[in-house]
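Features reported for this protein in TrEMBL:
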type: BINDING; residues: Gly81, Thr84; note: Na(+) binding site
type: TRANSMEM; residues: 12-32; note: transmembrane segment
type: TRANSMEM; residues: 44-64; note: transmembrane segment
type: TRANSMEM; residues: 71-90; note: transmembrane segment
type: TRANSMEM; residues: 102-126; note: transmembrane segment
Amino acid sequence: MGVSLLRDVKGGMQVLWISGGAIIGALTRYGAQLLIAQWTPLPAGTLLVNLLGCFGIGYVYGIAQSWPLDVRLGLVTGLLGALTTMSSFVMDLFQMAEQRRWWLLTAWILVTVVGGFICCALGVFLGQRQVA
């Protein structure tokens, strides 16, 4: 994939868009986690970026159907893919289970999953309104 994809000009541009988005997404996630950690011992930084990512993917889905594929890949696969993190979410849950914080673990699952769904739906709704 790597070398042959980069030889194709279009594929090479898509790789650049995705890579650029991923850099921004990863640094945003890291910054959000550092910032939020100053105020709470809870893994709220992970929650925040996952909810923002759900909103973002819904918004892009709603607004960007006619945008160039390169831009959509950069936003969804790159930026939002690096911003959100299933593995960090699951590790947060594992640590809550280790500490036997069952109510917090249950609430965290509900807030993340239901909140993510609501944020995604809101993003789609607002994105589609921008197009109309």
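The backbone N, Cα and C atoms fix where each Cβ goes, and this holds for glycine too.
Keep in mind that TrEMBL annotations are predicted by a computer and have not been checked by a curator.
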Query raised in the report: Where does Thr84 (Na(+) binding site) sit in the DSSP three-state scheme?
Result: coil
Report task. Using a Cβ cut-off of under 8 Å, list the residues of the same chain at least 6 residues beyond the transmembrane segment (102-126) that approach it. Result -> 42-43, 47, 50-52, 54-63, 89, 92-93, 96
Query raised in the report: Looking only at Cβ atoms, how many others are within 10 Å of the one on Thr84 (Na(+) binding site)?
Result: 21
Query raised in the report: When you measure from the Cβ of Gly81 (Na(+) binding site), which residues in the chain that are at least 6 apart have a Cβ under 8 Å away?
Result: Gly21, Ala22, Gly25
